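Working notes for the structure below.
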Amino acid sequence: MIDSLDLVIDTIVAREVLDSRGNPTVEAEVLLEGGAMGRAIVPSGASTGAHEAHELRDGGKRYMGKGVSQAVTHIEERIAPALCGLSALDQAAVDAAMLELDGSDNKSNLGANSILAVSMATARAAANGLGLPLYRYLGGPLANLLPVPLMNVINGGAHAANSLDFQEFMLVPHGAPSFREALRMGTEVFHTLKDLLNAKGMSTSVGDEGGFAPNLGNVEAGEILVEAIQKAGYKPGEQISLALDVASTEFFENGRYAFDGGSYTSAEMVGQLEQLVNQFPIVSIEDGLAEDDWEGWKLLTERLGSKVQLVGDDLFVTNTKRLQQGIDNNTANSILIKVNQIGSLTETLQAIDLAGRSGYTSVISHRSGETEDTTIADLSVATRAGQIKTGSLSRSERVAKYNQLLRIEDELGSQAVYAGAVGQGPRGKA
């Protein structure tokens with residue numbers, strides 16, 4: 001029998017650690033009265049939306065201004081005294097206490113990185129205190145849906161030093177019978193793609209998210225991915241489709257989109273994306289238009305919303321207020337979920353809940369600056385989101401999430417269901 005006093009928060013410590021880009025980030029440990037401990041590390045993005053919660057950095061010379069010692073101090077000197085004595089089981093109360101302590105709209109006082117590290121560590125401590133895996137603790141008995149992975153195998157934009165304007169070209173192995181088989185299919189295409197790039201004399205160096213970063217145009221990238229899928233023995237659009245993260249805010253200036261040597265209005269940009277959808281087996285487009293181009297997004301949704309998944313990342317920033325605006329205006333049909341965009345686990349779960357109740361899909365996502373923390377793998381199963389974006393099939397901070405999903409699938413045994421096998425997640429276009 002577990003004593004409820006054993007699940008009370010006793011101690012919180014924090015430290016500065018490194019992310020996958022060699023930049024400092026925040027790690028927190030929450031220790032409970034009964035001895036259980038939870039640890040979490042927060043990620044960091046390169047292409048960040050203007051409406052994201054505030055990530056606190058030190059400035060100055062240390063770590064070229066990117067240190068997080070101030071965030072660590074906030075955890076140990078301000079957050080810890082406020083939370084010690086609270087039950088780790090009451091995630092909403094823990095998160096609410098931190099939001100009240102911060103007092104700002106965007107977590108600029110304590111920093112979203114401080115709040116999120118403690119928020120995630122608290123959930124893990126509670127799960128460990130109860131002897132439950134994190135996905136089961138957060139999701140209950142129905143947490144058995146393994147997500148379709150959106151695998152970023154060609155990197156461009158802000159994630160790579162190459163000529164490719166669009167940020168991510170992804171494989172979507174929705175036609176697999178299980179997550180394990182989906183991972184195998186994606187991995188085989190990844191290695192086939194490497195051979196194709198080598199044969200064409202192109203670079204096989206990788207970007208921040210583990211995908212290749214060759215000098216290609218957007219159409220060429222689509223063509224070589226389709227070729228890789230076929231050469232690996234799979235049917236494009238039937239077994240494996242494509243997804244794009246355009247990250248168009250990155251090349252939007254003065255009301256126009258400048259890429260591939262051209263300059264386009266919002267309507268012309270929609271036309272460009274429509275051409276790509278007609279040319280390739282694309283099932284999902286993320287950030288097809290800029291974060292505040294609401295009129296353009298509305299047009300994009302009218303033109304393509306019935307054909308493909310239209311994911312708002314910079315548009316929604318995991319924020320229920322912006323998501324509600326999109327719902328009210330019939331804008332997009334999916335939300336990208338990044339825990340550090342909003343900065344607490346409770347608010348993340350609220351965004352996923354609002355999306356589901358409104359007929360929007362949710363895609364659980366990593367950031368380009370990642371760590372060995374695997375919380376998002378458990379979160380994807382806990383929330384039955386049905387989709388996860390956690391990079392390519394290389395770099396251990398990406399593979400860590402895939403390996404955790406393999407463990408979860410094994411642990412669930414016959415109860416495990418792969419989202420692609422039951423028609424959830426992006427649909428194929430044979």
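For all residues, glycine too, the Cβ spot is worked out from N, Cα and C.
What Swiss-Prot records for the Mg(2+) site is Asp245, Glu286, and among Asp208, Asp313, Asp314 the residue it adds there is Asp313. Together with Lys338, Arg367, Ser368, Lys389, Swiss-Prot lists one candidate of Gln70, Gln91, Gln167 for binding (2R)-2-phosphoglycerate, that being Gln167. For the pair formed by Glu286 (Mg(2+) binding site) and Lys338 ((2R)-2-phosphoglycerate binding site), distance between Cα atoms is given as 13 Å, rounded to the nearest Å. For Gln167 ((2R)-2-phosphoglycerate binding site) paired with Asp313 (Mg(2+) binding site), the C-alpha to C-alpha distance reads 13 Å.
Each residue contributes its Cα atom, and for Arg367 ((2R)-2-phosphoglycerate binding site) and Asp245 (Mg(2+) binding site) these two points are 13 Å apart. For the pair formed by Ser368 ((2R)-2-phosphoglycerate binding site) and Glu209 (active site, proton donor), distance between Cα atoms is given as 6 Å, rounded to the nearest Å.
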